[in-house]
Amino acid sequence: MAIYKRILLKISGESLMGEKQYGIDETRLGEYAAQIKEIADMGVQIGIVIGGGNIFRGLSGASKGFDRVKGDQMGMLATVINSLALSSALESLGMKTRVLTAIRMEPIGEFYSKAKAIESMERGEVAIFSAGTGNPFFTTDTGSSLRAIEIEADVMLKGTRVDGIYTADPEKDPTATKFDEITYDEIYIRGLKVMDLTATTMCKENKMPIYVFDMDTVGNLKKVMSGEKIGTLVKL
Ligand SMILES: Nc1ncnc2c1ncn2[C@@H]1O[C@H](COP(=O)(O)OP(=O)(O)OP(=O)(O)O)[C@@H](O)[C@H]1O
Ligand SMILES: O=c1ccn([C@@H]2O[C@H](COP(=O)(O)O)[C@@H](O)[C@H]2O)c(=O)[nH]1
């Protein structure tokens, strides 16, 4: 039995690189797809946002002289590439998906609406929300919180390469310790950078719980859906 009926799952674009330096690692993509199928088989309604950091980020483009808005548009297109890859991987496992884009680009995907998203999820299709919010100066974390709130998800799951929220970035500080639970306010007070603050604030204001967990370990998504406390819960 799954503990959540409807989820918004944010997948890190950067993690999709696996061992590579750039782009999509097919093994990692296949592992993600298999994990998603496992929870779909539990009857969970699934909406997904995937980042674009494995391909392009507007901010890093700007630091190399790109116009920020164009760079962000390139980043949003990167999320569309990843969404199509995930859609294809899920469909190769016999699942149905619907790629919804925040910017009109038919026939690559359908223009997003809440009604289309809910219709798909209720039919058992995986709704994949691409191109973030459709606006520059945002991230897919914010796109995830926006979609989670819109589709009335029970939780926003942030699947990443660390196993939760720590007192400091665990990839940089080996003495950092992990929280099992934390409040939104504590994230601000401690200046923790696991998610951008716009996304955190949207979730706080709309009472959307966030669960951060390590999605790169196969089987973890099912553990989260089964109620195993393997990550960090962010709540009021
Ligand atoms: N206090 C903290 N606790 C946990 N992780 C932290 C913390 N501070 C920074 N991080 C970092 O946050 C990162 C979150 O990773 P993730 O790849 O999901 O980021 P992202 O920018 O949302 O990805 P993408 O843009 O590729 O989708 C991890 O790399 C982790 O090292
Ligand atoms: O709403 C959005 C979402 C994303 N972007 C741009 O895309 C890249 C990739 O997204 P990540 O969240 O970093 O994975 C991001 O760096 C932005 O440049 C955007 O402009 N608006």
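Residue numbers in this text run from 1 along the chain shown.
Any Cβ shown, glycine's included, is placed from N, Cα and C.
Heads up, TrEMBL stuff is auto-annotated, nobody curated it.
Summarising the annotation, TrEMBL assigns domain 'Aspartate/glutamate/uridylate kinase' to 5-214.
Ser12 (ATP binding site) falls within neither a helix nor a strand when secondary structure is assigned with DSSP, and so counts as coil. Look at TrEMBL and you will find Lys10, Ile11, Ser12, Gly13, Gly53, Arg57, Thr160, Tyr166, Asp169 tagged as ATP binding site.
As annotated by TrEMBL, UMP binding site applies to Gly52, Asp72, Thr133, Gly134, Asn135, Pro136, Phe137, Phe138, Thr139, Thr140. Sequence-distant neighbours of Thr133 (UMP binding site) (same chain, 6+ apart, CB under 8 A from its CB) are Ala102, Thr142, Gly143, Leu146.
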Least Cβ-crowded entry, counting other Cβ within 10 Å, from the binding-site residues listed as Ser12, Asn135, Thr139, Thr160: Asn135
Of Gly52, Gly53 (the binding-site residues), the residue whose Cβ has the fewest other Cβ atoms within 10 Å: Gly53
Residues close to UMP site centre defined by Gly52, Asp72, Thr133, Gly134, Asn135, Pro136, Phe137, Phe138, Thr139, Thr140, Cβ within 8 Å: Gly58, Gly75, Met76, Gly132, Thr142, Gly143
Cα proximity to Gly53 (ATP binding site), best match among binding-site residues Asn135, Phe137, Thr139: Thr139
